[in-house]
Amino acid sequence: LPLLLEATLLRLASGFHRPFYNGFYYNHLMNDKGNGQEEVDYFNGAKLVVETSKDPVYSSNGANVTLPCHYHYEPDMEAKPKIRIKWSKLRDDYTKEQDVLVAIGKTYMAFGDFQGRAHLRQVSRREASLVISDVRLQDDGKYRCEVIDGLEDESDVVDLQLQGIVFPYQPPRGQYRLNFHEAEQVCQEQGAILATFNQLFQAWSEGLDWCNAGWLADGTVQYPIRLPRKPCGGLHLAPGIRSYGPRHRHLHRFDAFCFSSGLRGEVFYLDHLAGMTLEEAKQSCQDAGAEIARVGQLYSAWKFLGLDRCNAGWLADGSVRYPITKPRANCGPAEPGVRSFGFPSKGRFGVFCYKER
């Protein structure tokens, strides 16, 4: 009897307050008039589908990029005029890192570093693509396109990958001197950011082999090994990424793996017959309407512009390096790469300068 009574009361309450519709009742929503009256949304029988690119979208530093996103209904129907679109940047574990943009109709708002750089492209029917201008190194990662139609809420994820290069870095004072925050800082000073694991893995797959452990953007410490050897984890281990796991970001000290992307300008070499000190090198770049190049800029010029110079030159951090794309006699090892003379306290060399286009 109690169960029968409860069922009867529920049926009466439902019939009194809400009209019956096909067995589906979702929720009460406040209406748009703001008068406190309730308005009920019902399932319309159509499924909302959101689709983005299944393949990564590639871009580079300073470029403009479009992250595609479209939505439709199954079966087809007209969308409401106040569809809500939301873009978010995600961490590697697909949890939200930051809001990028929200839009209703043609009205939108971008957030944080994306203000003034992000807007929607809606040139075709039911398009919700995100346009990011002046792409920055930090923009690399996964993005969620979310479409909200009343109570229907669907999303899909697209991966933005910056074409770039990972390079190991240690400061002038020597190996394993950087905590996590200092590693972030030195990468920024060299025109780069701390690399992600995916970027390090890509660099390893392209041939990067480095026996010194370095910080990554997620606070882990790892290093890539192509040729197993005793000082680098042992001969018994297969090639791969060696990991120390997460480390204490203040107390533990290692090197850094930095990531740099394409250049907006050019790197060029200057020299005097007698060479230059570091201060003279900086002044020579300024006289040429440029600035002394950073380590990340030299690596990018070597990787993407084919810079090849068998002459050592100063860089902004006080190191002396030179880039080789075509190995030859008297220019270092038999493999292409950026050679380093370290941080000489004395000596006279040429200089690599960087100038914006």
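Using the three backbone atoms N, Cα and C, a Cβ is placed for every residue, glycine included.
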Candidate cysteine (Cys187, Cys232) that TrEMBL pairs with Cys211 in a disulfide: Cys232
According to TrEMBL, the disulfide-paired cysteine of Cys331 among Cys310, Cys353: Cys310
Distant-in-sequence Cβ neighbours of Cys310 (disulfide bond), under 8 Å, six or more positions away: Tyr322, Ile324, Arg328, Asn330, Cys331
Cβ neighbour count within 10 Å of Cys211 (disulfide bond): 14
Cβ packing number for Cys232 (disulfide bond), 10 Å threshold: 19
Predicted model, mean pLDDT over the domain 'Link' (165-260): 96
